[in-house]
Amino acid sequence: MATPKVGINGFGRIGRIVFRNAIASGDVDVVAVNDPFIETHYAAYMLKYDSTHGRFQGTIETYDEGLIVNGKKIRFFAERDPAAIPWGSAGAAYIVESTGVFTTTEKASAHLKGGAKKVIISAPSADAPMFVMGVNNKEYKTDINVLSNASCTTNCLAPLAKVINDNFGLVEGLMTTVHSYTATQKTVDAPSAKDWRGGRTAAQNIIPSSTGAAKAVGKVIPSLNGKLTGMSMRVPTANVSVVDLTCRTEKAVTYEDIKKTIKAASEEGELKGILGYTEDDIVSTDLIGDAHSSIFDAKAGIALNEHFIKLVSWYDNEWGYSRRVVDLIAYISKVDGQ
C-alpha cells in the first residue's frame, strides 16, 4: 500500500516534531508545509536545531520552492487562509492542522478546498471526532474528513484509564497533570487577561491551570463519560509531563495486581508501543524522545485500600504525542484504502 502523503499546516513545536517523527517512523511521507510566518531558510534552521530534542539527524537544504530534507523536496507555502493552500499541487492528501487556530470542523475543513482529503487536528476539538490510538481508533469511519488526535494529556490518560476500567471497573477519578511549560506561557510576568496565573513567569513558578484532558477521556471511552475530571500544574521544565490519576475501582484489587495487568497490556495487543511500563527509578528528562503515549511508573503509584489507588504515568508531551499523530494518519489511510 502507498505511503500516505502528508501536509503540515503550522511549523511550530508540534508541526516540527511531527515532521521529525514522520521521518523517524517512515510510515508517512511529508510532501508540503505551510506557515505564513516562517520563510524557508528560517524553517530549515528551526528543523535542524532543537533545544530539547537535539540536532536533526539528516541533511536539510533549501531550494526556490521549499526544503530538501534527506535529498527529498518538500514544498513550502506561506498562506494565511487554509482554503488558499494548494495542497493538491504537492500531492498532500492528509493534512496535520497544527497551528492551534483552526480547531473546529468548519475551520479545519477549509483545507479540503485546496485538494486535501482529510484533516487531522493536533489539538482537542470542540466538535470534530477525537481519536486516541490504542483506545478508540477502530471507531474511525471513512466518511470522517476532519478528526482530532485529542491532547497529549488525553493520550497519556486514556490508555491507562482503559486498562483500569476494562479489568477492574473505574468508578470515578481525579487527574492532575504535572505539565512542562509550553509556548503559550510567558518568559517574564506579562499581561494575560483571560488567565491571570498563566501570565506569570513560566521558569520561576508552579502554575495551577485548567485542562479538559480528563473530561475528554469520556469522549473516547463513552462508558467513562462524567467519571473523570482533572487539573494541571504547569512547572518549570521544558518537556516531559506526568499524569497522577487517583481513582476508585469497582472490583477489589491490590497494587501488585494493577502492576501486572498494566505490564501485560503494555506488552501485547492494541496498546503495545502506546502504553509503556517501567520499574526503574526514572525522572522526567529520562523520557525525552520516548515515543509512547503513556509510560506507567510502577514504583511511583500507591494504594490506600483495595478500591482507592493513585497511578502515575509519564509522557513526552511533544515527541510521544507527535508520534501518535503520525500513527493516526497511517492508520486512517490504511482504512481509507480498504
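Using the three backbone atoms N, Cα and C, a Cβ is placed for every residue, glycine included.
As given in Swiss-Prot:
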- Arg13, Ile14, Asp35, Arg80, Asn317: NAD(+) binding site (BINDING)
- Ser151, Cys152, Thr153, Thr182, Thr211, Gly212, Arg234: D-glyceraldehyde 3-phosphate binding site (BINDING)
- Cys152: active site, nucleophile (ACT_SITE)
- His179: site 'Activates thiol group during catalysis' (SITE)
Listed in sequence order, residues not in Ser151, Cys152, Thr153, Thr182, Thr211, Gly212, Arg234 with Cβ within 8 Å of the centre of the D-glyceraldehyde 3-phosphate site Cβ atoms: Thr177, His179, Ala213, Ser232, Ser241, Asn317
For a quick check of packing: other C-beta atoms within 10 Å of the C-beta of Thr182 (D-glyceraldehyde 3-phosphate binding site), how many? 16
Name the secondary structure element type, per DSSP in three states, that contains Arg13 (NAD(+) binding site). helix
Which recorded positions (Ile14, Asp35, His179) fall within 10 Å of Arg234 (D-glyceraldehyde 3-phosphate binding site) by Cα distance? His179
In angstrom units, rounded to an integer, how far apart are the Cα atoms of Arg80 (NAD(+) binding site) and Cys152 (D-glyceraldehyde 3-phosphate binding site)? 26
Closest of the recorded positions to Cys152 (D-glyceraldehyde 3-phosphate binding site), Cα to Cα, picking from Arg13, His179, Asn317? Asn317
Give me the CA-CA distance between His179 (site 'Activates thiol group during catalysis') and Asn317 (NAD(+) binding site), in Å, as a whole number. 8
Those residues of the chain, 6+ apart, with a Cβ under 8 Å from that of Asn317 (NAD(+) binding site): Cys152, Thr153, His179, Ser180, Thr182, Asn239, Val240, Ser241
